[in-house]
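Sending over a structure as structure tokens; questions will come in a sec.
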Amino acid sequence: MFLYATRLKSYVILKAFIHNGWDINACLDYWTPPALAFALDDETSVNWFLENGANPDAQCDSGCTPLSMAVKVAPIETIKLLLSRGGTIEHGWLLHYVAMRELADCLEILDLLLGRGLLVSDVMYRALGTGTGSALHFAAGRGQLDIVRRLIEKGADPLVRDPTGQLAIHWAQNRDYESVVDFLRPLSGFG
């Protein structure tokens, strides 16, 4: 119900939920971060959530945060707002979410986050005992050559393997992203 109120921007109803004990930072399930993640399309909503105690770094069990979702879908101004109001680079697999971003400003977001000191070769979910790959794997697997290039420029290791033993080049090969494969081939020892 509170998600419906969030999407409708019904602050009176949301305030009633809070008044009746709703934890604004409670995760919805293992994979889904708190409600702030569903208010990212509107700066007024983001500010309302922040003013009412929402934490941009509140993690669901998978490690995803509202800031993660902002990095994936929100305008850069919203990302900067969340970073200025308690969001940090320590949580949320932010570089991985940049690689999932489908907007034209991916490099700008990537540079913003790298400028704050993110590690470029972290493997997502490794700390949870699983793992899917580095941000380089994600970008290669989505055919994002510009992101792949920038990650390499900033020190991403093309020889980091995902938990199944695959390199980023394999992710690109599996999805037929030849331009990414061609770029990574000499860096991956296939060249």
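Numbering starts at 1 and runs along the chain as displayed.
Glycine residues also receive a Cβ, built from the backbone N, Cα and C atoms like all the rest.
According to TrEMBL, the protein has these features:
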- 62-90: repeat 'ANK' (REPEAT)
- 131-163: repeat 'ANK' (REPEAT)
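Each of these features: where is it, how hidden is it, and who are its neighbours?
In the predicted model, the repeat 'ANK' (62-90) shows an average pLDDT of 96.
With a threshold of 8 Å between CB atoms, the same-chain residues lying at least 6 positions outside the repeat 'ANK' (131-163) that come near it are 95-96, 98-100, 106-107, 110-111, 114, 120-125, 169, 171-172, 174-175, 177, 179-180, 183-184, 187-189.
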